[in-house]
Every structure is written in C-alpha cells, then in structure tokens.
Amino acid sequence: MVNADAVRNIVGIIGNVISFGLFLSPLPTFIQIVNKGDVEKFVPDPYLATFLNCALWVFYGLPIVHPNSILVVTINGTGLLIETVYLSIFFAYAPRPKRLKMLGVLAVELVFLAAVAAGVLLGAHTTDQRSMVVGSICIFFGTIMYAAPLTVMKRVITTKSVEYMPFTLSLVSFLNGICWTTYALIRFDIFITIPNGLGTLLGLAQLILYFCYYGSTPSKPSGDGNSGMELPVTAGDEGKN
C-alpha cells in the first residue's frame, strides 16, 4: 500500500527542484547588471516582494507554527537566500535614489515580519492558531504575487504577441503550481492550496494564450535584449522588471 506521506514528500522534493529553477530565472538579468555595472531600467520590486513572500512561508513552515512542513521551509529558505543575493547585487549597482528606496521598503518588510512573528508567538498558543494567522497572511501575499502575470497576459492580448511571455517560463510556472497544489492536497493544507491552485490556473491560461498568439508574434532579432518577464516564486510567483 502506498504511503501518503511518502508520496507527499516525493512531490514536495520535485516541487523544491522546480521552484529552485524558478528562483534562478532572473539570473541572466543580474549577470547583465554585473557586466554593465548598471541596473539600467530594471527595478527591485519583484525581488523585494519575493523576499517578503519567502520569509513568510519559512515562518509558516516552522514546527512551532505548522508542523510537518520541512519542504516548505527548505525551498523558501533557499529562495530567501537567493533573493538576498539578488538584492545585494542590485544595491551595489543602483544609483543612490534607488538604494534609498530599497532600504526603505526592506526596513518596512523587516518590521512587518518582526511584528507578525512576535504577535503570532505571543498571542497564539497552539499550532492550529498560529497556522491560521500566518497561513492567511501567506495566502494574501501569495495571491498578489501569483496575480502579477495578469499584466503580462494583458500585454499579450493587446499586442497579439508572446514576445514578453516566454513559453518555458510559463510551462515551468504551470508545473510548479500543479506540484505544490498536489503536495497541499495529499495532506490537505488550505493555505498552500489556494495560492498554488490559483497559480496553476494562471499558468494554464498563459499556456493557452501562448498557443493562441504564437503564430502572430513577429520574429525577434538575436541580441535584442531579454524578455520582459521574470519569475520570483514561493511555492510560486512572478513579476515583471
């Protein structure tokens, strides 16, 4: 007889691998920043948002908040580290006004995280209560991040071009959503199910749009810059620089 926990762990490990790939998807952008020594038109917003999202999910997955969620902690802890590296690179090459904005937003995020942690640990005395509070916050921010592709999808429909919505990124995002939704359903976790279920539907919508408009997309000369879509994650997400 197949053990449900064993299957859940396997699915979670696969989800970790896929999510890790998504966390690395902005890497070409940062290689470009380092090579040129300038952040140019890029903005730090997606990475600041993903930093907060990952930190919240790490807190959610801790045994003192939601036991038996170590795979949620591992991937989001990894994502938190990767986003810290991205933000450090951006800070190093950004002009002073962007640096000050980054520091301001980061300070607000850290204060918010400290307030959530203190409030939950001091005010909620069972893991069920803590899971409810932190999970609800994670749903809110996770849903916002998963909704980010809507702007790209609108652009695809308006321009009838998938130039700014790479197929591979859309496909991997869809698979990531499926994986983490499955993980959440095996041992039902509503807080992981909702944002990742939404992410699965949006990923599917992106794929449908891609196949609808691929034929009408003009060829892009090589070396004409990178696509306008990047994907910061949690158990899934994306943003546009």
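Glycine is no exception: its Cβ is also placed from the backbone N, Cα and C atoms.
TrEMBL: automatically predicted annotations, no manual curation.
Over in TrEMBL, the protein carries these features:
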| type | residues | note |
| --- | --- | --- |
| REGION | 220-241 | region 'Disordered' |
| TRANSMEM | 6-25 | transmembrane segment |
| TRANSMEM | 46-64 | transmembrane segment |
| TRANSMEM | 70-93 | transmembrane segment |
| TRANSMEM | 105-126 | transmembrane segment |
| TRANSMEM | 132-152 | transmembrane segment |
| TRANSMEM | 164-186 | transmembrane segment |
| TRANSMEM | 192-213 | transmembrane segment |
Positions whose Cβ lies under 8 angstroms from the transmembrane segment (105-126), at least six residues beyond its ends: 44, 48, 51-52, 55-56, 59, 64-65, 87, 132-134, 137
Beyond the flanks of the transmembrane segment (192-213) by 6 or more, those residues with Cβ under 8 Å of it: 72, 138-139, 142-143, 145-147, 149-150, 152-153, 156-157, 160-162, 165, 167, 170-171, 173-178, 180-181, 183-185, 234-237
